Number of protein chains: 2
Amino acid sequence: MVNIAVLGYGTVGSGVIEVLNLNGESISKRCGHDINVKYILDLRDFKGEPVEKLIVHDYNVIVNDPEIKIIVEVMGGVEPAYTFVKEAILKGKSVCTSNKELVAKHGAELLELSKAQKVNFLFEASVGGGIPIIRPLNQSLTADEIEEITGILNGTTNYILTKMSADNEGFDSALKEAQALGYAERNPEADVEGYDACRKIAILSSLAFGMQVDFEDIYTEGISQISDIDVLYAKAMGASIKLLATSRKVGNRVYAMVAPMLIKPTHPLFSVNGVFNGIFVRGNVIGDVMFYGSGAGKLPTASAVVADVVDAAKHVGTNIMTFWSSKKLELADAKTAPHRFFVRISDCDDNTRELINQVFGKIEEIKVNAREKDYAFLTEALSEAEYDEKADKIGKTLNRIRVMF
Amino acid sequence: MVNIAVLGYGTVGSGVIEVLNLNGESISKRCGHDINVKYILDLRDFKGEPVEKLIVHDYNVIVNDPEIKIIVEVMGGVEPAYTFVKEAILKGKSVCTSNKELVAKHGAELLELSKAQKVNFLFEASVGGGIPIIRPLNQSLTADEIEEITGILNGTTNYILTKMSADNEGFDSALKEAQALGYAERNPEADVEGYDACRKIAILSSLAFGMQVDFEDIYTEGISQISDIDVLYAKAMGASIKLLATSRKVGNRVYAMVAPMLIKPTHPLFSVNGVFNGIFVRGNVIGDVMFYGSGAGKLPTASAVVADVVDAAKHVGTNIMTFWSSKKLELADAKTAPHRFFVRISDCDDNTRELINQVFGKIEEIKVNAREKDYAFLTEALSEAEYDEKADKIGKTLNRIRVMF
């Protein structure tokens, strides 16, 4: 029997208990041990609920109990999670977490500490909810040099964009519906401005390239500026707008970015719709692979956490090597990243049209019925800096979306 | 340094050498050891090629060399692979293989033997080429009870079906093109009749349900009866015909089948086209996940083999537990599996039409331009036995395709 403690009895924490109760028998078989939840740390008492007898309010009870071999951290946020996790590892306990903020900020350090202590720090649930992506990157794609990881890593924004496209509606009304359905929070900033996806691509990039990618270094743009008119044009191009979190290695330079982008049906991420997530990986020998599934939700996320618990229980006393050094990876300047751009200007007069043609050179015009006054086009591949320079010369507000084709 | 030997210098074997040469540095970092190929077993000499000095013709040289810790078996076929692999494991060597025939037939036994010998028998490349699916099933989906695995597991047939749909052409001409491009063999039976997919779903089902699923027990139907007319009707339904290898747990019964089926765009496998493979898994807590990538090819397959070598090298002296007992899983009678069916009859006279309506009851007629003489429809959900009984009553040749919606 392996004793574990769960820090935080919120959505994911209660999901972990539910999964262990529901599938306990097969989990024990796969694990070779029974998993016993000895404590749950929470500020609340949960009087009258079955978990009441497991609740403790003092972390010291948990971290000082030598019977506890594995700690599940599902509180979220950097503190006090970081202090708790570090202490646990130093006391020789493995930690499984769903906490992307913690992993993005302190992953490298906590992995090094775990290695020294011969325990494990596992975080499958921190990216892509239930989708197996951390373990595949760490253990299955070991023969490859990763050239690109591009993910739809945030279900809230993917739901909003899918809804905007399906019902030809604007961002605000799609957001309201997402909030009504519980897919978006009342303060949706972390999702819609791309901050959530940014932390996740920082984690994936660090694993893919084996060095610390700081999320603060990643250029991040959300979807709040995307309009129903953009969606019309996307459809006219046979394309779709997705919030993509991407990092690419070109020579020795790594570019990383979170931004809404246009993709076409030939891209494996095109058909990732609604609250689903998808992660596309290109390796130099494996070619293109894609992982798809529920990127959030109580049970899918708990499934990933419990799978980590099983792995930790199978590896008591052995560190599973993870290739993520604390050495900082200096990202290439995002301004030098080359893309095509979709550009759109409303009520475009003839002079502006001519100026655009002069400044942007070879373009591909896109027309949409009943939008005769617009001027909309695809540029050739330009760096961000080149695009900005050209856009400045036009002297009017241009809507632009990066293009991944 | 870890010394390995490669059995068979064919497509995959030479791919393994290529991957180790190309990515040796990063592989060593991820593995913690350098991987050194000490021997290659092949009947040929490869005079003048760089591998010449590694070639041996006598397996005893390899299996009796205590320096060899890992053997890569990429010869294919059950014998002599089985004899060689068994001997290697008994001599305390781990084995990594891409050989689906060997794994489907002797997987459970070789896993048990490996466990007893504290070595590893790894076979990621035996299903889905480079796509990580064996390790995710074995190590990532451990918190779940698997309810369904459905895969597009054969790139040749998927290429043919994609081509038939894209160019409105018949099976024979699409097969010829696949052969010309090297995607299909001169004798394409193993692919087009579903035998290849059958072995692969047997392996996946054994891992998902933890018991031996014998491939001989799986009802298997290929795609050679699918015509360009079927493709027309699929399009009229907004659907696509795919060769699906599926196994589903309903209560305590497991149904398994390989057959062409109709799927709609809402299914994650719908957009798996060309030579690509996709594997859809439904777990009782993770929900739906899908894994996508190159299901064959020299380098993708070698990528999976080398990833197994890395895993084996990291686990010298420790068995990675795999949940696949040799106890036979008795599959439910395929005749009792419920499906909707798409049924089509050419030159259908009024009497037959009336008889069909009487016999099949509630149906959904499907019409296609310029096929006015056809009678084509979707049935309600019927067991295979019920369908056969009804079809017999019509007394004419009915074309039928199972429907997954």
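Glycine too: its Cβ is placed from the backbone N, Cα and C atoms.
Predicted automatically and left uncurated, TrEMBL annotations should be read as such.
Features reported for this protein in TrEMBL:
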BINDING   B:Leu7, B:Gly8, B:Tyr9, B:Gly10, B:Thr11, B:Val12, B:Gly13, B:Ser14  NADP(+) binding site
DOMAIN    B:8-124  domain 'Aspartate/homoserine dehydrogenase NAD-binding'
BINDING   B:Lys100  NADPH binding site
DOMAIN    B:132-310  domain 'Homoserine dehydrogenase catalytic'
BINDING   B:Glu185  L-homoserine binding site
ACT_SITE  B:Lys200  active site, proton donor
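Taking the features listed in TrEMBL, we show where each one sits on the structure.
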residue  : record                    : contacts (Cβ under 8 Å, 6+ apart)
B:Leu7   : NADP(+) binding site      : B:Gly13, B:Ile40, B:Leu41, B:Tyr59, B:Ile62, B:Ile71, B:Val72, B:Glu73, B:Val74, B:Met75, B:Ala81, B:Phe84
B:Gly8   : NADP(+) binding site      : B:Leu41, B:Asp42, B:Glu73, B:Val74, B:Met75, B:Gly76
B:Tyr9   : NADP(+) binding site      : B:Ile17, B:Ile40, B:Leu41, B:Asp42, B:Arg44, B:Phe46, B:Val51, B:Ile55
B:Gly10  : NADP(+) binding site      : B:Val74, B:Met75, B:Gly76
B:Thr11  : NADP(+) binding site      : B:Lys298, B:Thr301
B:Val12  : NADP(+) binding site      : B:Val74, B:Ser98, B:Ala125, B:Lys298, B:Thr301, B:Ala302, B:Val305
B:Lys100 : NADPH binding site        : B:Ser126, B:Val127, B:Asp196, B:Arg199, B:Lys200, B:Ile203
B:Glu185 : L-homoserine binding site : B:Thr156, B:Gln179, B:Asp191
Fewest-neighbour residue among recorded positions, criterion Cβ within 10 Å, set B:Gly13, B:Ser14, B:Lys200: B:Ser14
Summary of DSSP states over the domain 'Aspartate/homoserine dehydrogenase NAD-binding' (B:8-124), given as helix, strand and coil counts: 60 helix, 21 strand, 36 coil
Helix, strand or coil at B:Lys200 (active site, proton donor) [DSSP, three-state]: helix
Per-region confidence, the domain 'Aspartate/homoserine dehydrogenase NAD-binding' (B:8-124) (mean pLDDT, whole number): 97
For the NADP(+) site built from B:Leu7, B:Gly8, B:Tyr9, B:Gly10, B:Thr11, B:Val12, B:Gly13, B:Ser14, further residues of that chain with CB within 8 A of the site's CB center: B:Val6, B:Gly15, B:Val16, B:Asp42, B:Val74, B:Met75
Collapsed DSSP category at B:Glu185 (L-homoserine binding site): coil
